[in-house]
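*Asks:* Here it is, the structure in full.
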Amino acid sequence: MSELEVQATLSRGERSRSRGRRVTPFEVLAVVVALFLLVAGLLPGLLAPGDPLGIDPAAAFQPPSPAHWFGTDESGRDIWTRVVHGAGTSLVIGFAATAIGLGVGLVLGTIAGMLGPAVDFSVNRLLEVLFAFPGLLLALLFILIFGPGVWTATVAVGLSASPGYARIIRGQLLAVRRSSFVEAATVLGRTRRQLLLRHILPNTLAPLFVLGTLGVGQAIVWASALSYLGLGAQPPAAEWGAMLSAGRTYLTTAWWMSFFPGLVIVLTAVAATVLGRAIERRARYA
Amino acid sequence: MSAEPNTGDAPSAVARVLNLSVVFGGTPVVSGVSFDVSAGRCLALVGESGSGKSVTARSLLGLAGAGARVEADALAVAGSSVLGLSERAWRRRRGKDVGLVLQDALVSLDPLRPVGREVADSLRLHMPLDAVARQARVRELLAAVGLPDAGERMRQRSGELSGGQRQRALIAAAIALDPPLLIADEPTTALDVTVQAQILDLLENLKAAGTGILLISHDLAVVSRIADDIAVMAEGRIVESGPAVRVLAAPTHPITQRMLAAIPADKPRHTALAPTSTDTRVVGSGRNRSAIATTTNDSRGETGGAREVVLEARGLVKSFRRPGGGQFLAVDDVSFRLERGTTLGIVGESGSGKTTTARLALALTAPDAGEVRLLGHPFTGIPENERRALRPAIGAIYQDALGSFDPRFTVQDILLDAVTGGRRSGPAASARVRELLDAVALPATLLGRRPLSLSGGQRQRVGIARALAARPDVLVCDEPVSALDVTVQAQVLDLLDELQRERGLSLLFISHDLGVVQHMSDRVAVMQNGCIVETGEASAVFADPRHPYTAQLLAAVPLLPA
């Protein structure tokens, strides 16, 4: 914030600064959800000691009860256990897909931003073609070629998110490249490599941390959507999207089969968004 | 009337402040401030940034800020008390009883709305006028503040107006309801000298028409033009107040004296503008002047001989494509020579091509024609790879020091990076960093801080230290002190002057401020519309300007009454 803005909006500035620091109840909830997912992902046995794949036909279609918190499915598998064990898969997909998206985006964005107008033009037209298709459609196309599965779904989600990242990275990079501190470093006699590695990239990537956090939630939702369509994780794997899809058939008689997987997908996405925004706000007012 | 606390009745007082204190979260920002502003008079509240002058003025608008506790024995605007007014009640008074003019009209005006609508806003809120009458009134107001073609201007957006025109529009908005009190907070700080002079004339006219003006400024020379009374603030208190003539001619408080001494115009070259502890020089004393005389004679004597030319520009031309098509000639056939150990001042108003000239000299942009030579070698027209070997010979400091530092870097990172050239650092580098900090008189305790948490003067010192790291021969200074308070500006100018004499630096000193350039330069070049219209020895140019534009610039410089 410039000095002027601060002067002109003293009162507003004061308020927004304190707003930047205050932790809202939603943020606390989001942190709790994130911690839960992390524990579930790393040590699922701690929260649900049972076997996510172990069937017990005698206990099929049981509604939520103290014995089965989230009920059981058509084969008598405990939904709670499966949801907890599914967290790991979802998190790996979410992080891996975001990493792929950011990685590809970073390469494309840096090429476009650093290698001159001709390259910039070409990369931009390529990105526009990719933008013309909805992300999920791109992912479907990719799976059509390489076949369904957890890893193809992950790569597919990552690739379809990458044009967006590339655009943002390119824009950020161009802005940083023209900033006066890069100019000052040029005056000090820095080489292009030094400029890029020491000043331009670090300052381009800092805001991406926020985008990445938001992206993880998005990627989890997308991967679940692909699994739901039968293109990602395959039954009987404990994966939220696949579970949601399996419960669809019994929606009228056993609502819990799809409700609880759906709930965690929503909670994860919301938590990632709230956390991303919280980090963004703090970064801005820091 | 006077700025002294007035306990008697002041019937013509448009603002009364008695024992005002403002506390932000336990920290007193303003304490025990009292003054009156009378109709048709101008009281200037002068002080450095952080002295509480803006907060004081804002208290009269109910805009002291959230979390501010405002207390006073009396706080009245237009004859009625405004103490403890609700936000709702404040809204009814602002604009009607008191108008506000801010420093930067570009951010104060909505960029998406025509300025006429901006001016009409307060009329719409407070005056029962129909649309046609309102339009007419807006046109009348814009004409009254001297905006040419008011009818056409009112349909333009703020971005289409020049800085001075925007400031006029803002003043028109502030006086739309004819408030008895007008608060002007640094109204001319962002403006060129000639425009500044016009705006000050406009305020003077308003004053003559009976408006009481509370002028906030850090610059005593500016306020001396229109202020009847002056109150000097420091650390939230009024340390000295009285009729302007008295305060300017016979200041009693050391802070006022320091601020007066810091004004660079008319002070001979190499005179210290600020008292420093590390320095034996005394501000403006007779002893000092004689010392300067000898230095000046020395340099004049040598100028006659053959001094080495360290930086030379020959026939530089640079044009830019206009957004709407067509070419804009930013620099048109500019040539200059900078001799070792001297300062060449380049002075001109915004848009005159000063900054483009600086960028050309630093080879940050390639000239369309002409060339720059550094230490006798060609500096332009060669690939950056070859130029890099010459880069250490030329350094730069910038107006926006903060923006010139990588935001992730601490002071230590910045200086280490400059010292090592981006390579690994050793103990020798750390020692050199301390040495640089010493040279710019900064304590080593600042090493761990980020520039964002430093004051403006400290930031510029870090910038100077960084520029000195490579032991340059030439330092290009692009408006190095324009963003600083007068007293801080004085310290930075003194520092540059001292470094120049210690290290034989040659300065290309670019500024819109004639006073600063006059104080710093051996030779000056006056720029207008991309051309150098006049060049010569600084003393000669300022004493006897040949070009009418130089004369016009000189006439606009606010000077203290002799």
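Quick reminder: no glycine exception, Cβ is built from N, Cα and C everywhere.
Found this in TrEMBL, in case it helps:
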type     : residues  : note
DOMAIN   : A:87-276  : domain 'ABC transmembrane type-1'
TRANSMEM : A:26-47   : transmembrane segment
TRANSMEM : A:91-114  : transmembrane segment
TRANSMEM : A:126-145 : transmembrane segment
TRANSMEM : A:151-169 : transmembrane segment
TRANSMEM : A:200-225 : transmembrane segment
TRANSMEM : A:254-275 : transmembrane segment
*Asks:* Between the stretches A:91-114, A:151-169, A:254-275, which one has more Cβ pairs under 8 Å with the transmembrane segment (A:200-225) than any other?
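*Replies:* Of the candidates A:91-114, A:151-169, A:254-275, A:91-114 scores highest.
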*Asks:* Could you tell me whether the transmembrane segment (A:254-275) and the transmembrane segment (A:26-47) are in contact, taking contact to mean 3+ Cβ pairs under 8 Å with a sequence separation of 6 or more?
*Replies:* yes
*Asks:* With a Cβ cut-off under 8 Å, give me the same-chain residues at least six positions beyond the ends of the transmembrane segment (A:91-114) that come close to it.
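*Replies:* That would be 37-38, 41, 120, 123-124, 126-127, 150, 153-155, 157-170, 172-174, 177, 196, 200-201, 205, 208, 211-212, 215-217, 219-220, 222-223, 232, 268, 272.
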*Asks:* Please report, as numbers and ranges, the same-chain residues at least 6 past the borders of the transmembrane segment (A:254-275) whose CB is under 8 Å from any CB of it.
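*Replies:* Same-chain contacts beyond the ends: 26-27, 29-31, 33-34, 37, 61, 63-64, 70-71, 73-74, 79-80, 82-83, 86-87, 90, 94, 213-214, 216-218, 220-221, 224, 240-241, 243-244, 246-248.
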*Asks:* Take the transmembrane segment (A:151-169) and find every residue of the same chain, 6 or more past its ends, with a Cβ under 8 Å from one of its Cβ atoms.
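*Replies:* Same-chain contacts beyond the ends: 92-93, 96-106, 108-110, 112-113, 123, 127, 130-131, 135-136, 138-140, 142-143, 204, 208, 211, 215, 218-219, 222-223, 226-227, 231-233.
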